[in-house]
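According to Swiss-Prot:
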| type | residues | note |
| --- | --- | --- |
| DNA_BIND | 16-55 | DNA-binding region |
| BINDING | 90, 91, 92, 93, 94, 95 | NAD(+) binding site |
């Protein structure tokens with residue numbers, strides 16, 4: 001996907017398209033129009049056509065898109081056959097939920113290990129995932145783990161990120177309110193659930209449908 005040099009906004013929508021196309025394929029549907037895609041994923045059809053245009057001719061005018069072809073294309077584009085191994089740091093309520101879920105709908109993403117400081121959790125398995133002490137972070141993180149999920153208290157998020165920067169981790173999904181400072185070779189996606197909720201409430205009050 002990096003080699004395509006597509007806009008980041010488009011890249012963020014690709015997994016959404018892929019998930020819907022997977023469902024279409026499972027239902028036996030052979031083709032789909034941009035209008036049908038638009039209705040399903042709540043992205044306007046012009047944006048979908050523009051997103052798809054970055055990859056060449058994925059469909060035919062008047063016919064739409066071949067579902068099996070799209071499925072194969074996005075599977076390759078999103079590296080669905082390559083497993084991305086993930087570490088989770090912080091086994092609180094949210095972290096525990098992630099361990100039980102473990103992205104079962106994503107064939108190419110899997111949490112391999114978790115870290116915490118709680119004596120009750122260290123040395124156990126949650127959702128089949130081993131939980132190690134945070135002191136063992138650098139020792140336990142193998143070279144093939146390149147993504148980390150942070151669900152630690154905000155007060156320690158930066159120090160954990162600093163330690164991750166010394167490993168082979170190149171991507172951090174940050175669920176803490178802290179805004180982290182890391183080197184340019186590490187990509188961070190911030191997901192602040194409180195901010196998202198406040199934004200939703202604001203839109204409900206000020207932009208009623």
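The backbone N, Cα and C atoms fix where each Cβ goes, glycine too.
The Cβ centroid of 90, 91, 92, 93, 94, 95 marks the NAD(+) site; residues of that chain outside this set whose Cβ lies within 8 Å of it are 96, 97, 98, 116, 151, 152, given in sequence order.
Within the same chain, residues at least 6 positions away in sequence whose Cβ sits under 8 Å from that of residue 94 (NAD(+) binding site) are 151, 175. There are 13 other Cβ atoms within 10 Å of the Cβ belonging to residue 92 (NAD(+) binding site).
Across the DNA-binding region (16-55), DSSP helix (H, G, I), strand (E, B) and coil residues number 28 helix, 2 strand, 10 coil. Along the DNA-binding region (16-55), the predicted structure has mean pLDDT 90. For residue 91 (NAD(+) binding site), the number of other Cβ atoms no farther than 10 Å from its own Cβ, over all displayed protein chains, is 25.
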